[in-house]
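Notes follow once the structure below has been shown.
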Amino acid sequence: FIAVLAGVAAFGFLYTSFILFYRGSSFFKIFIRALDLVTIVVPPALPAVMGIGIFYAQRRLRQKSIYCISPTTINTCGAIDVVCVCFDKTGTLTEDGLDFYALRVVENAKIGENIVQISTNETCQNVVRAIATCHTLSKINHELHGDPLDVIMFEQTRYSLEEDDSESHESIESIQPILIRPPKDSTLSDCQIVKQFTFSSGLQRQSVIVTDEDSMKAYCKGSPEMIMSLCRPETVPENFHDIVEEYSQHGYRLIAVAEKDLVIGSEVQKTSRQSIECDLTLIGLVALENRLKPVTTEVIQKLNEANIRSVMVTGDNLLTALSVARECGIIISKKTAYLIEHENGVVDKRGRTILTIREKGEHHTQERQSKSVDLSKMSNVDCQFAISGSTFSVVTHEYPELLDQLVCVCNVFARMAPEQKQLLVEHLQEVGQTVAMCGDGANDCAALKAAHAGISLSEAEASIAAPFTSKVADIRCVITLISEGRAALVTSYSAFLCMAGYSLTQFISILLLYWIATSYSQMQFLFIDIAIVTNLAFLSSQTRAHKGLASTPPPTSILSTASMVSLFGQLAIGGMAQIGVFCLITMQEWFKPFQPTHHDNDEDRKSLQGTAIFYVSLFHYIVLYFVFAAGPPYRASITSNKAFLMSMICVTIGCIAIVVFYFTPIQYFLGCLFIPQQFRFIILCIALITAIVSILYDRCVDWISLKISEKIRQMRKGA
């Protein structure tokens, strides 16, 4: 559009040069007047006025404890529509902490009953010791620091932790052993952590080597499926998978625990992770409860109502994630949830791993024989899908043709590694979706950085990668960001249309006046620019965002058909009013034609046509700001912006006073000539009619645009 304005400016430059040359003006005057026209068409204040909406939006976000390090991203938030808001689960949708639910001991390949009070139960003391030692916690100022999950589980054991500076374990190669003391009522002795293998998202586990007076053991804990794959098959109960699935379907987070006996005196520090994490013995399963945050369901519901797709991306178990997604509304209760899965070693004729779809709750063996992935089913609006990271990896490498459609229909992605989260976000962007990612941990950093709008709920690592950081650690900030983004986007478009309308309206005025070799006086230019345009531009940008989220997003292009039809229609209406006044005043008996001189001061610019055009155009500038001051559904009504409303009323009254009452000092200051009162009332009537026509025209364009948009949406749904 700037190129279009540049073309208009070029036309004005040639027009001015020809007219003024024909009128006998000097080359210097022709050059200066032509440049004046260029600055009128492309106003220098345009970038500042378009950016003021972002400034006010950023200030409002700060008031709501949302901080932004990339202000231009605010407008991007306004473009989020049927697109994807990706949520990490733990700490984002659910509470930061987890509550211990139960422990089940595995002994001789048989799994025991639920144990709720683990600190007082003798049958689970070996598992309790594993939980109390398999972590990377440290004590600073008498407080435990480390992974919140480890802290919760450790505190449940009633064990104590302290750094061991004794020399009682000289045979063990350890830089700084950590001493773990059991409760006083326990029959177990103190033990010492001598080597740690930290948790890895990719490996889904962590391990430690522990020693006491009589033995040395390795403990390993992690996701049930991973720990089960590392254990000796004869130590895993036959019904272990069914028990894991049962807990997962109820939304519990599960941690499996295993052990391995080691030889005392071995070179511990040189022991590799691979040699420790194999041939393990399964000893227990811990179930933890992760409750939804109070606002989660409400926010997801609002996003659903606004046709904004919500997606869960988590490192948790698939069934656990699916249960939480169902609870918070990401998986809609009326729709059937299907799991997209694969089975290692089962391939088709082309050597590709076979993908299967099963309904949540169905058994694997029944489904694998009956169904394979069907693209037509994947696009069924009555279905929602979930997939695990391992299956996502299979699709990525073996079924790339399915990937684009897969990322559009799946609402739950579980057991996703950090690099897979990033890959998901990038693929959503590749299919043309505007992606917001909301997370709170280091595992989300890559995805937060890749997303169009990354929102961190943490002040730690994630906040460095994300353009937005919320001090309030729940997802209500997503609603705030989208609404403020939409308001900022609409404000920018509104400011652009107002500035374009103002500049082209003034362009028409000056073209008419150049026809008689005159122009506005300097004070007339200043009055329009400062008292009306700048004043209303900055105040209109302060209108707050609308409280609700509309079901349709604002247009993402300034050059939308509706905007251009509205803008050029307003220019035509305002232009006809100016041309009408320009011609009408020349028909009056008292009219005196303008006599150009070779001087170029304000006194030599005064003309009756210039005064009449100045009067009528004042009101059209005000009407432009009224018409283009967008309100609901993206911004609050202009009546809520008291400063803008009062300023518009005052400016309108002031302009009426200038036209109706000929107060000599003011008219002299503005460079206006005397016009009989009767004709001044005619100008006022023309301005009023122009305003009414402009407002009615704008309402008609809005109504037609809405009907066409609804028709297009219905056609797309039908397709």
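Here the Cβ of each residue, glycine as well, is placed from N, Cα and C on the backbone.
The transmembrane segment annotation in TrEMBL covers 5-24 (among others).
For 30-57 (among others), the entry in TrEMBL reads transmembrane segment. Sequence-distant neighbours of the transmembrane segment (30-57) (same chain, 6+ residues past either end, Cβ-Cβ under 8 Å): 2, 5-6, 8-9, 12-13, 16-17, 20-21, 71-72, 74-75, 484-485, 487-492, 494-496, 498-499, 502-504, 506-507, 510-511, 514, 519, 534, 537-538, 541-542, 545, 600.
Summarising the annotation, TrEMBL assigns transmembrane segment to 493-517 (among others).
Per TrEMBL, the feature transmembrane segment maps to 523-541 (among others).
With a threshold of 8 Å between CB atoms, the same-chain residues lying at least 6 positions outside the transmembrane segment (562-587) that come near it are 493, 497, 500-501, 504-505, 508-509, 512, 555, 593, 608-609, 612-613, 615-617, 620, 623-624, 627-628, 675, 679, 682-683, 686-687, 689-690, 693-694, 697-698, 701-702, 705. The transmembrane segment annotation in TrEMBL covers 562-587 (among others).
Residues or ranges marked as transmembrane segment in TrEMBL: 612-631 (among others). Proximity of distant same-chain residues to the transmembrane segment (612-631), defined by a Cβ-Cβ separation under 8 Å and at least 6 residues beyond the stretch ends, is recorded for 490-491, 493-494, 497-498, 501-502, 505-506, 509, 512-513, 520, 524, 528, 532-533, 536-537, 540, 543, 546, 566, 570, 573-574, 577-578, 581-582, 584-585, 637-638, 644, 648, 651-652, 655, 658-659, 670, 672, 675, 679-680, 683, 686-688, 690-691, 694-695, 698.
Taken from TrEMBL, the feature transmembrane segment applies to 643-664 (among others). For the transmembrane segment (643-664), same-chain residues at least 6 beyond its ends with a Cβ under 8 Å from one of its own Cβ atoms are 531-532, 535-536, 539-540, 542-543, 615, 618-619, 622, 625-626, 629, 670, 672, 674-675, 677, 680-681, 683-684, 687.
Positions annotated as transmembrane segment by TrEMBL: 679-697 (among others). Sequence-remote contacts of a segment are chain residues at least 6 beyond its ends whose Cβ falls under 8 Å from one of its Cβ atoms, and for the transmembrane segment (679-697) they are 566, 569-570, 573-574, 577, 580-581, 584-585, 588, 612, 615-616, 618-620, 622-624, 626-627, 656, 659-660, 662.
For the transmembrane segment (523-541), the residues of the chain that approach it from at least six positions outside its boundaries are 45, 49, 52-53, 55-56, 491, 494-495, 498-499, 502, 506, 602, 610, 614, 617-618, 621-622, 625, 629, 638, 641, 643-644, 647-648, 651, 654-655, 669-672, judged by C-beta separation under 8 angstroms.
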